[in-house]
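Here is what TrEMBL says about this protein:
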| type | residues | note |
| --- | --- | --- |
| DOMAIN | 1-88 | domain 'Fibronectin type-III' |
| DOMAIN | 89-175 | domain 'Fibronectin type-III' |
| DOMAIN | 176-261 | domain 'Fibronectin type-III' |
| DOMAIN | 262-346 | domain 'Fibronectin type-III' |
| DOMAIN | 347-432 | domain 'Fibronectin type-III' |
| DOMAIN | 433-517 | domain 'Fibronectin type-III' |
Amino acid sequence: APDIPVIDQAYSKLSNSITVEWRTVPGATSYLLTAQDGDSLIETVVTNSPGTVTGLKPATLYRITIRSINSGGKSQPSPFRKAKTVLAAPVLSVSSPSCDSIAVRWKAVYMAAGFSVSLMRSDGLGRMLKENTTNTSLIFTNLDPGTLYTIKAYAWNVNGIPGDDFTYNQRTSPNAPADVQVAFNSGALRASVSWMPTEGALTYSVTASSGLLKLKCNTSSASCVVPSLQCGSEYYVSVTAYNDAGSSKPTDAVSLKTIPCAPVNISIEEDEPGHLLVSWSSVSFGYYYVVFVKSDDGLEVHCNTSHTQCHFQSDCGFTYFISVFAYNKAGQSPSGDVFNYTTAPCCPSDLRAVVVSSDTVQVTWAPVRGVDMYQTRAVDWSGVALCNGTATACTLSALRCNTQYNVTVYSFSEARGSNTSCASKYVATAPCSPEIKNISKEALSVVSVHWQSNNEEATYVVTARGEAGLWHCRSSGNSCTLINLPCGSAFSVSAIARSPAGQSLPSHSVPLETAPCCPNDLIVTQVTQSVTNISWSVGMGAQTYVTTLESPKGQAKCHTLQNYCLLGCITCSTNYTVSLKAVSETGLTSSCTYQGYSSSACCPSGVKLYRLGNNGIRVYWRASEETRDYHTDLHGSKGNFTCTPSSGLSHCDITEIPCGDVYTVVVSPVTDKGPKLTFCPKKIYSVTCSGSSVGMVIYRGKSNAE
């Protein structure tokens, strides 16, 4: 182990440590310092001298020893030295009770005999102040306002040895701002306050006081706006500066009088016709008043007075808008309530009455000023009809037709009532509507209309209205005749009455239907010997048709919705009369007669073929009429052949006809009207060959029948 070191000295510079100095021991790599206070032992390993033991108690006596250490171990402890730690630093509590002073307080320090406190501006300007005291508080005065100071304090013991020091920075509170200026904004009811900035102030607070009411605004600049001031009030405005040390004293209050409030208890009276008296109550801080009176035509007058009433001229039928303002040096009062006063309305002018219908009259007039409502009264011997409204027109309805009324229009104002001296006008209503009693048909296109007449000096017009057009008739009596009405048409018949007072409403319409029209064209076509097709053009107004063919031998009839019809059981070679009935939807009928029709000649019967010599064929038949001529046609694949016998004969010969073919044979009567008949029966025969001559004629059957 190394040698025992020797302590040269042990001393304390800080209250929690002792520094030890010794001579270096050869071969020692480190040293173990020990500080002992009774049972308390604190050790620290250091590498060389000097070494410090920390974590000690202030103002405490310790026994200090040291050991040298190397790889071989530790030496024995050195002879001890006694050393005492210095005093602890006082813990300061600092404040600035005023803008030019700083108060320092601290708690007592163990084993302290006295204290030393020094103060100096933190920016190094000025001199340092130092005080020694045995007390635990101290006040520095005559300092600069709003300035940051550095305070240092320490305690010493009875031997005068100083302990640890404590440093604290403290700013003095600011001085009150100077040159406070107040500007009032009358329109926004707010005040702009400004001042000269004061040294060391961080923020400012502006207070505007009026009685118990206090308004504040805070700012870091040198101006502030105090909003929401009240009219008719006096405020005292002061400014206080603040920093982290506290606040300054408030500045001397500056008086601020706001604008007066709007006058109240405004009354408007028409003390005599054509004169208005406006009065009101006085208001605080109101030096004089101005009354503005504006009529609804845009004209405005005013009155300037220091009293509480004004006189104005007025006219009938006008609405006046009245407002009162108070003034002082601060400006004009806020806008109060705008009052309106309406004088009695004038009577409506340019009265006009127009008869709209038999029970309605429309009344119009020129507007007048100040009217809230018009009332129109129509009076006759039986009662009164009223119409109220705000427009300059009124429609009197539900009046009695064909009656004279006394019409008057009154103007009303809610504020002033009615002007009852307005002139009236006589108006006669239009005639009453006629009532159609009967419509009678005089002829095919002629009808008479009858109505009940209940008007005086009236002319009646009857109108038949339909898709075919309009037909009119006029009369001052109770009937008239409509002529030339088209067939197959539907009409709505109504009547009106006319008089110098106007035209009545139409009567209730009465339906009128004329008989359907006969078809213009009718065509009869024979389809077969016993069937005929009849077709016709459409008849206006007809829904169904009844067609009839009639002769002494019988009658054929057809009822149909179409414009054609097939009639059977027709007798050939017969003259028929042709008739048609057009029937409307309601059952009206028109009988139509057309040119007679003759049915076709009768076809022969018993047609047979016989072979003749020299390659010929004879065709036999039984004639339907003795005086009728016939025509024969043979059609085959090897050729077509015809023959026409002499008049009165019932057979016909065809020569040089090829054998070995099948022929269709038709015998039809010859007509005088052009083409031959195509509906006579056809028979089929097969003609065989025997050598080079015509062979047997074999009947194969009919190709069609009647």
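Placement of Cβ uses the backbone N, Cα and C atoms for every residue, glycine included.
Unlike curated records, TrEMBL annotations are generated automatically.
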Along the domain 'Fibronectin type-III' (1-88), what average pLDDT does this model show?
93
May I have the DSSP-based helix, strand and coil counts for the residues of the domain 'Fibronectin type-III' (433-517)?
0 helix, 51 strand, 34 coil
DSSP helix, strand and coil counts for the domain 'Fibronectin type-III' (89-175)?
0 helix, 49 strand, 38 coil
Tell me the residue counts in helix, strand and coil for the domain 'Fibronectin type-III' (1-88), as DSSP assigns them.
0 helix, 46 strand, 42 coil
